[in-house]
Amino acid sequence: MDENRKKALGAALGQIERQFGKGAVMRMGDARAVRGDVEVISTGSLQLDIALGVGGLPKGRVVEIYGPESSGKTTLTLHAIAEAQKAGGTAAFVDAEHALDPDYAEKLGVNLDDLLVSQPDTGEQALEITDMLVRSGAVDVVVVDSVAALTPKAEIEGEMGDSHVGLQARLMSQALRKLTANIKRSNTLVIFINQIRMKIGVMFGSPETTTGGNALKFYSSVRMDIRRLGAIKKGDEVLGNETRVKVVKNKMAPPFKQAEFEILYGQGISHEGELIDLGVKEGLIEKAGAWYSHNGDRIGQGKDNVRNYLKEHPELAAELEKQIRDKLLPGRAPSSEAQGTESGQEA
């Protein structure tokens, strides 16, 4: 670039900075240096953290989790909230469905005393509260449960049979236009839970769609499709569900990766079950018939017994997790560990 053009560009950049503040325009190399590695919040599932490619859900971004009823959508977000709190962060839950179970949330490791909860009356109120929490810059993760329950004020105040075509889609589109810049600026993770609906008269392709129009699909950096695969049984007793999450959109890493894990009733995602599956897959645990061994020592017969063994020996579970993370997520410690290291350095 010749000198005159350099001077003209420098003058323009100076004027933009004076008018709109420092950092309004910067060179991509500078932006990368300022931003560094993307900050993430763990999902509470080791397999899903690996499938996401960056070790968790990215902060400063919009994430959508959708799936059929009772597939584990709220469970997954409560685990993410618990992980954010473990790392010293603040979390908020906008409960538009008015269905949050505090006892279950506590069992998953959520600190109820520190969790901010809102049960708004209308969709506009829910999204306005979300925007105000984001703009405060003091909240690390905001969960909206769910998009389908964000009922526009006009619909609530109208009669039962009234037609309100496209109202919810317009509401979501307007809210996301306003929210995205604030989300990026405050480095807040905003998770929208969504439900599935069927499109009528679809001959080819999937008839499934999500509620609230197309805006959320465009604004989301990560979209995850969560499905229940089958029941986990002990005799006739059902202990939980086998669950699969497919990352259908990912702006942070290659998409379309899948994670399979177990959700146990009253306990949430089985961390030990994931360690067993990944340990066998990566050759850290040897499996011969029904027996599992680690470094030549037998640790149990059957997955259920090995799960109990790992619960009783947390040091072995921690060692396995470290080996798996070092192998599959090199250079990415879980957020709670990273936070602990930082506080140790500050001290």
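Quick reminder: no glycine exception, Cβ is built from N, Cα and C everywhere.
Quick look at what Swiss-Prot annotates:
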BINDING   Gly67, Pro68, Glu69, Ser70, Ser71, Gly72, Lys73, Thr74  ATP binding site
COMPBIAS  336-347  compositional bias 'Polar residues'
REGION    326-347  region 'Disordered'
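Secondary structure at Gly67 (ATP binding site), as computed by DSSP, is coil. Comparing the binding-site residues Ser70, Ser71, Thr74 on other C-beta atoms within 10 angstroms of each C-beta gives the minimum for Ser70. Of all the binding-site residues given, namely Gly67, Pro68, Gly72, the one with the smallest number of surrounding CB atoms inside 10 A is Pro68.
The Cβ centroid of Gly67, Pro68, Glu69, Ser70, Ser71, Gly72, Lys73, Thr74 marks the ATP site; residues of that chain outside this set whose Cβ lies within 8 Å of it are Ile226, Arg228, given in sequence order. For Lys73 (ATP binding site), the count of additional Cβ atoms within 10 Å of its Cβ stands at 23 [all protein chains shown]. Around the Cβ of Glu69 (ATP binding site), a 10 Å sphere holds 8 further Cβ atoms from the protein chains shown.
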